[in-house]
Structures are given as C-alpha cells and as structure tokens.
Amino acid sequence: MSNPNVGIRTFPMYCIVLLGLGLMNHVIVLPPLLQSAKRDAWISVLAVLIPYLIWIAIMHYVMKQTNQQPILDWVRQQRFGRAVSGALRIILMGYLFLIGAVTVKETINWTHGSYLPRTPDFILSAALLLLCFFAAWAGLQAIAIVSGILLPFVILFGDFVMSANLPRKEYILLTPMFEDGWKPVLEGCVYIGGGLAELFVLVIVQHHLKSKQRLWSVSLLGASLVILTAGPVMGAIAEFGPFEAADLRYPAYEEWRLVRIGRYIQHVDFLSIYQWLSGAFARISVSLLLMTELAAGGPKGTRGKIWLSSLSLLFVILVVLPISDIQFLAFLKMVYLPVSLYTATGVLIVLFVMAFVHSIRTRRKTHG
C-alpha cells in the first residue's frame with residue numbers, strides 16, 4: 001500500500017479521470033464512432049459495458065497484487081528482468097505521449113476552427129502547454145485540486161445542454177437497429193474501447209493513491225464513463241439524425257449551438273470552451289507528469305525539468321507540423337484509437353500474468 005502520508009485520495013484522482021477521459025469519450029471519440037456505426041453507435045457504447053467491467057476487474061487484480069507500488073519498480077522486484085521493465089517503460093511512455101499529443105492537436109484544431117481562427121497555432125499551443133507545464137511541475141496533488149474545482153461546473157454545464165436540447169431530440173431516430181448487421185457495431189466498439197482503455201492510467205499512477213482501490217469504486221467509475229459516452233452519442237443522433245451527425249466534425253460542440261432558452265437567450269456555446277479546456281488541462285498535465293516520472297523519477301530535479309520542458313516543447317512543435325484536420329481525423333480512426341485499445345489491453349494482460357505468477361510464488365512461500 002502507498003504511504004498514507006503522501007499522495008492523493010481516491011475522489012480527487014477520480015476527478016482527474018472524469019475530466020481527462022470525459023473529454024476523450026464525450027468529444028474526441030464521437031466522430032470516428034458515428035462515422036463507423038452511424039445509427040447503431042449508441043449500441044456500440046452499451047455493448048462494451050460488460051467486457052469493460054471485466055477489463056476493470058483484471059486491472060483491479062493487478063493493482064491489488066502489486067500492492068499499488070510503482071508498477072515498473074514492482075516488475076523489477078519480482079525478478080521479471082530489467083529487459084521486461086525497460087520494454088514496459090518505453091511502451092508506457094509512448095502511450096502517454098500519444099495521449100498528450102492527440103489532446104494538444106485536437107484542442108488546437110478545435111480552438112482554431114471555432115473561436116480563434118486567426119490566432120497562430122504556435123501561440124495557442126504555447127499558451128496551453130505553458131499552463132500544463134506548471135501544473136505538471138507542481139505535481140499530481142495540484143492537478144487534483146484544480147480538477148476538483150473544475151469538474152462540478154463541467155458536469156453542471158453538461159446537464160444544462162442536455163436538458164435545454166430535450167425539446168429538439170427525436171429518439172425515434174435511434175431505430176431501427178442493426179440495419180447493416182453487427183459489423184458497424186463491432187467497429188464502433190473498437191473506437192469506444194480505445195477511449196475507455198485510457199483508464200489504464202490508474203495503474204501507472206497507482207503509487208500516488210493514499211488508499212487501496214476497491215473493485216466497486218473503480219467499476220462505478222468505469223460505468224460512469226460509459227454512460228458519459230452514451231449521452232452525447234444518443235443526443236447527436238436524436239438531434240441531427242445518424243447521417244448528419246456522422247458528417248459533423250465536433251458533434252458534441254454542435255449540440256451546444258442548438259441551445260436556445262426563450263426568445264432572447266442563445267449562443268451559449270462559449271460554455272463548451274470551459275468544458276473542453278478543463279478536460280485538455282487534465283489530460284495534458286497528467287501525461288507530462290507521468291512521462292517525466294517514468295523517464296526521470298519526477299519533475300522536481302534538474303533532469304526532470306529538462307524532460308518536462310523538452311516534452312512540452314515537442315508537443316508545441318507537433319502542433320505546427322503541416323497535418324490537415326482530415327489527416328488527423330484519419331489518424332484518430334485508423335491508428336490512435338485501435339492502438340490505444342490494443343496497447344492498454346496487451347500491457348494489462350502481461351501485468352495480469354505477472355501478478356498471477358507472483359500470487360502463486362507467494363502462496364508457495366507461505367505454505368512451505
């Protein structure tokens with residue numbers, strides 16, 4: 001178990017997760033999901049619930065057997081070899097880098113296309129990364145405190161847009177189901193699974209948690225993420241229809257533009273800026289912090305500051321590369337989301353086998 005005098009409690013950690021994974025599953029994953037499954041996209045979301053809870057149970061088993069130690073330290077201590085530990089370090093850093101890079105690129109694309117069209121990408125990305133740099137340098141506890149302040153308003157605004165658009169929703173558009181068979185649904189499951197699999201970050205950050213994680217609490221968190229995804233997917237189909245929703249670049253943002261209260265109150269989509277930037281802040285800050293921990297043991301020392309600065313600068317450089325939004329969306333659909341699912345699941349299976357071997361060794365020692 002982690003040292004009770006350091007780290008953060010479960011609830012603040014879950015605030016970070018809800019903000020960070022909320023942006024992915026509530027916003028970023030929607031275009032690939034709707035393009036592939038269209039009217040049946042909501043079925044894809046519900047179809048992953050049971051497999052996802054099983055996936056979470058396996059993850060919880062790993063966290064329990066490793067006693068929530070730093071995961072790479074535990075791998076070395078169990079004599080699985082430095083080569084295995086080193087390979088896992090590279091894979092985890094690559095995974096976290098993709099999370100951060102995709103978030104920065106998608107955030108700047110959306111910002112540039114929606115409310116700051118004439119501001120250079122370099123200025124936008126530098127401002128965002130400067131904020132996230134200082135948050136990562138301050139540590140996970142600081143990120144958790146800020147997330148705990150931001151999250152209630154994100155939830156409040158989400159409930160507001162959902163309620164305000166109820167008169168415009170035609171849920172009959174969710175049917176008929178399985179018009180094109182199971183194939184689109186299964187393709188959609190891969191995309192939504194790629195977003196949900198980012199919960200694996202809990203394993204990477206487990207040594208920062210003060211208390212042992214309960215299976216019911218992690219499962220409740222996972223179920224909340226699935227519900228969080230189902231809402232905007234069903235809303236987009238009910239409001240725009242399956243084909244129009246599939247053509248939209250940011251369906252969740254377009255739902256904000258429909259909000260109208262009475263005759264005089266409309267154009268409240270500026271509230272979505274708060275939601276998006278809150279999620280981006282959590283995702284980028286945590287990815288920078290964890291990559292720095294894996295590479296240099298933390299952001300406080302000279303080596304850590306160099307890593308943190310270099311990674312932040314690299315994110316800025318990636319944003320200004322001449323990559324069109326069409327190319328980036330194709331990358332999300334064909335590369336990032338499938339790789340996220342398969343990488344997180346593959347590493348989890350490897351750790352599960354290690355944890356199972358560890359439990360057998362422990363029982364043998366106990367029983368002589």
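Glycine residues also receive a Cβ, built from the backbone N, Cα and C atoms like all the rest.
Any TrEMBL annotation is an automated prediction that lacks curation.
Annotated features in TrEMBL:
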TRANSMEM  12-29  transmembrane segment
TRANSMEM  41-62  transmembrane segment
TRANSMEM  83-102  transmembrane segment
TRANSMEM  122-140  transmembrane segment
TRANSMEM  145-165  transmembrane segment
TRANSMEM  185-205  transmembrane segment
TRANSMEM  217-238  transmembrane segment
TRANSMEM  273-294  transmembrane segment
TRANSMEM  306-323  transmembrane segment
TRANSMEM  335-357  transmembrane segment
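Against the transmembrane segment (185-205), stretch 273-294 shows more Cβ pairs under 8 Å than any other of 122-140, 273-294, 306-323. Long-range contacts of the transmembrane segment (41-62) within its own chain (CB-CB distance under 8 A, at least 6 residues past either end) are made by residues 33-34, 174, 177-178, 184-189, 191-193, 196-197, 199-200, 202-203, 213, 215, 218-219, 222-223, 226, 229-230, 233-234, 237, 242, 345, 348-349, 351-352, 355. The largest share of C-beta pairs under 8 angstroms with the transmembrane segment (335-357) comes from 83-102, of the ranges 83-102, 122-140, 145-165, 273-294, 306-323. Counting Cβ pairs under 8 Å to the transmembrane segment (83-102), the stretch among 12-29, 122-140, 217-238, 273-294, 306-323 with the most such contacts is 273-294. A contact between the transmembrane segment (217-238) and the transmembrane segment (12-29) is present, since 3 or more of their C-beta pairs, 6 or more residues apart, lie under 8 Å. Outside the transmembrane segment (12-29) by six or more residues, the chain places 102-103, 106, 140-141, 143-145, 147-148, 150-151, 154, 158, 191-192, 194-196, 198-199, 201-202, 205, 208-209, 217, 221, 224-225, 228-229, 231-232, 250, 252-253, 275-276, 278-283, 286, 332, 337 with a CB less than 8 A from a CB of the stretch. For the transmembrane segment (273-294), the residues of the chain that approach it from at least six positions outside its boundaries are 16, 19-20, 22-24, 26-27, 72, 89, 92-93, 96-97, 99-100, 103-104, 107, 110, 115, 128-129, 131-133, 135-136, 139-140, 143, 146-147, 150-151, 153-154, 157-158, 201, 204-205, 253, 304, 307-308, 311-312, 315, judged by C-beta separation under 8 angstroms.
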